[in-house]
């Protein structure tokens, strides 16, 4: 018969960990006060007894006399363990995969039906052997454990001493800073006091001069006494010099000017740079490598995505990403700080058409690395305009292939032509296939970006008004539609030939890895001046209220071409493809975008 597992008062593991400390006495639960120390515990009654109480409550010849008893313990377990999933079934097996006791129903059709199980007696024997070996190992390593405890005590004392020494060093450094500040403070205050005294002296002298102009005081009083002189020769001799002094005093009254300035603007202490440096004061260790911002992966669109690489990634607990706006007058603004656990971060709420500086440093505890080299990024000139390709208005599903997300379109216009090539004996004409955004613009400033696949033959991109799109997207059978002119396949109102500043659309041509600037009556139209390398990503900026559209190189946020456009109607993002080609709209940068990039 397999008995239920029982537990003794003190396990061998506890005995090892106690290192010989005497166990606490377990008192009898049934004794009248004061209780006696127990000598045994009944597993059926879940109580401890002294010898006298055990005889009283387990009399010989009764059922209680057959109860199972062990040495004194407080760890009572049920004699029969029941299955937690099948409450009426006893546990009689052991699942080796899950490492837990189970019943026969768990094995027959429960969660452990496909698991390897063994009998409880086999599991008891195996686990007891393993536990005994582990306990013997711990007992055999008691001297090693004591040695390691002694070593830990020494390390704790060493840490205490090193910590106090580090505090003393830090206090010394700060006291040096305090001394410098006190010295500068004393010097500045002395300069202010000296200037104040000099100015007050000047004001005092000037005030005394003016007080002399009062009746019965100073100059006026003396003049009044001179007027009393009756001797003409004495009067004339005295009055001549007095008259000059009075004239001078009169002139000073007419053009009153304070003898000194009251403002101390020249004595304002500028501590902005020092405050910034003190704010960055932290522990420095050359043991942590400097993170490097990845310029290829870092970008700015609706938000900024900053990625960096750390050679010793496992040594850093966290990072601090700092960023600030750079004013055109290069005013030093304070850094904004964000603590980051990973190696990339999305930053939102940046101002449009501004330069921002980014840098990052690594932290290991309170110790930080030097800051990385700064990365300067320019935000788009306007808020990002979100839209998808319109799959209904003018979309030609025979020539264009739109993905399910409606943010990518490819041209397959030449495929059907190749299938029917054996029947073609004369010249053939290929047309532009237009596709537009599903959201229109009726006011404000907006910016969006896209990428043209390098293999693309001809792509046009820009903006067009709703009434102009109605002309373009008429039925292909309409022979007068500019979309199907038989001479060139191009729109007869193309931007390459039209200089009308009030036209209702503006499109630029991109293809064969080139960006073609439209012709202009005010600039050189030579091919070398109109053909640029195709940017990796192209941005379009529309100022609806001012009727202006611009095309940007997204890598450097540089305007490549700008012109006026008639915005009297609703304006739509417009694209056209000829031959093989592909257009991918830039995806907005969000936290989900970051997770998607990490999955890739």
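Numbering starts at 1 and runs along the chain as it is shown here.
Every residue gets a Cβ built from N, Cα and C, even glycine.
The following features are taken from TrEMBL:
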DOMAIN    78-120  domain 'B box-type'
DOMAIN    227-284  domain 'COS'
DOMAIN    290-382  domain 'Fibronectin type-III'
DOMAIN    367-594  domain 'B30.2/SPRY'
Could you give the number of helix, strand and coil residues in the domain 'Fibronectin type-III' (290-382) as assigned by DSSP?
3 helix, 44 strand, 46 coil
For the domain 'COS' (227-284), the number of residues DSSP places in helix, strand and coil:
35 helix, 2 strand, 21 coil
Using DSSP, break the domain 'B box-type' (78-120) down into helix, strand and coil residues and give each count.
7 helix, 11 strand, 25 coil
PLDDT averaged over every residue in the domain 'COS' (227-284):
77
